[in-house]
Structure formats: C-alpha cells, structure tokens
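Annotations for this protein, taken from TrEMBL, read as follows:
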DOMAIN    20-124  domain 'Arf-GAP'
DOMAIN    127-228  domain 'PH'
DOMAIN    250-354  domain 'PH'
SIGNAL    1-30  signal peptide
Amino acid sequence: FGVSCVRVCMSSLSLCVCVCVVCFSDPEWASYTLGVFVCQSCSGLHRNISQISKVKSVLLDPWSDAEVEFMATNGNDAAKAKYEQKVPVFYYRPTHRDCQLLREQWIRARYERKEFVCVERQEPYSAGYREGFLWKRGRDNGQFLSRKCILSERDGALKYFNKHDAREPKALMKIHTLNASFQPGKIGQPHGLQVTYLKDNSTRNIFVYHKDGKEMVDWFNAIRAARFHYLQVAFPGAHHADLVPKLTRNYIKEGYMEKTGPKHTEGFKKRWFTMDDRRLMYFKEPLDAYARGEVFIGSKENSYTVLPGLPPSTQGYHWQFGITIVTPDRKFLFTCETEEEQQDWMAAFQGLVNRPMLPQEYAVAAQFKHKP
C-alpha cells in the first residue's frame, strides 16, 4: 500500500472498532504489538508498558503493510477473547470517566500480569480475606499514618487498627453498608480511595492510599468481591447484572453550595456537599470524617420537588443562584456560585426526583425520619 492507502485502511479499521478497548472512548491510536485500538488518553498508559505495547496514531504516524495486516487480523474483539477469558464478575472495568489509576491497572492486569488468563493471579482480591497496611488520614490532624487493615468476608467487615499490635480494631465497617470510590483529586494522592460506611445510620468517611497502585486497586476489587458475595447471599437467585451495579458507586455530584438552617432565618454558610445516591450530605470541609447533616431526596410520587431560585423573603445569602428542595416535611434552601453549578445540581436532584423509589429506599427514608 502507499502511505495514503495505509491511512485510509487504518482509519476504516478504527471506525469499525468504534471504541477504545480500555475505556470505550473514540479510538485515535492503536497498539501495533497487541493489535488493539485505544483512545489518546489510554495510549499514554500503554506507553508505560512499552516492553509489551507500542502505540501509533491511527492517522498521523506511518504504518507498514505488515502492521496494517496485523491490526486487521487481530483487533479489540480478538484481544478481549485472549486477555479477558476469566475476568471475575465483580472486577471493576473502568471507563473514560474513571481516574488514571483504574485505567492503568486494568491495562497492566490484562496485558502485563495476565490476571484474567491465570486465575491464581487473582488471589489478592478473590480470596475472601485481605490484610495489609494503608496510609489513613487522621480525622483531627489531617496527617496520613500507616494503619493495619483487614478485610474478612467471614467476619463481614473491613477493620482498621490504630496500632500494629492492637487486638481490637479502631473501626469496624460492615460489608453491607460499605462503599469505596477513588478520589485522587479530593484526597491529594494519585492512589487516594474514599471508603464510606454507616455508623448509627450516619455516613462515616475514611480516606486511605497506598504508594503502590496495584495494591490500592487490589483493595478496591477485594471490597467489591466481598460486597458481591454478601449480596449473593442477601438476594439469592438475583442475576449478576442486577448485583454488579450495587457493589460500589461513584457519587452523583460533589461541590460547594451555601445553605441555611430549618427556620430560613440564619445566615447562609458555605458547605461541601456530596450526593451519594439519595443521600445528600454536607460537610464543613471535603475531607471531614462525618457529615454535619444529611438530607434524603425522594421521588415526585412522594411529594419531593426541586425548584430553581429561593422564596422571595429569603435573606442572608451571598451566592445568587438558588435551589429549593421541597420535601414532605420542610424546604431546604441552597445557593450556588455560578449558574452552571446551579444547573448541574438541579439536574442531579431532578434525576433522583424523577426516579421512582425502590422498596429498600423507603426503609432508608423511614430511618431519616427517626434521626435525632
């Protein structure tokens, strides 16, 4: 082929593939040693395993006839069949929305460590028990200190210990309320993980990281495995497709808003808000261990409404873009710094209000009513 013909062939192959083999974005690059198409972002991650994967731009780099032939006879589907033979159902498959760590470790697990060809290499997150040390952020001083952590499916809990030789854990987090979400930007660590659990029906946060990216992702998938096995027992006969979305969840939205108190006469105060499914939590600072308060966001069938703006008599706010959430019991008033933030929060709230409540969500709503 001439150069122009090769580019046409590569462009056609790329269009046929449609998505990046790693994160499902548009494929603009390709690994000519693995025979897969990837997006620009993931091509940089492939360069980190240059002994295995060598990448080129689909359109801008020169391609030999042999390389085009190799891409045509392999491709993303063939790579998945070869390298994803035994991916555990609970294992997290990242998308373009996920942090770099998850995408890089997914690439390394597939091609470098071949974890999904050799099942014995999945032991770090499949064994039902995991023990090790993580750097945990202190609740009061904000310093990260090494803490012994144990995840046990048999005990149904994740525990951490303040002293390495301590017999009793500092905290015991039941698997049935556990969630984990990578938050590198918020935590200030590229491998930062936020772990949440319920304590007396209130959300408790801990923030941890490990210097080794593989270790941190193994912990994350071990939590998902424990959650999966718990849900299999809790919901016998449920399809895997119904359980997997419940293993871990990312937050619907986070950011600063201003809020006032229940009487609407107090001055508005700036708080960090986290929308965790139907729980809207607010904190004084993003890395606080406990929320200052939580609001349950129900559905329109249960008399929940989201309105732009504030009641006319409202005073004491600084930011001009208001939101009013009407619940069966009271109104919650918030303000946003920009109109764009207001629209984003409105869309997040409206999505929940438009979604019918599940039976288990009624139980959560009832617990909110009985909070002190």
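Cβ from N, Cα, C; glycine included.
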In the domain 'PH' (127-228), how many residues does DSSP assign to helix, to strand and to coil?
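Looking at the domain 'PH' (127-228) with DSSP, the answer is 23 helix, 46 strand, 33 coil.
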Averaged over the whole of the domain 'PH' (250-354), what is the pLDDT?
96
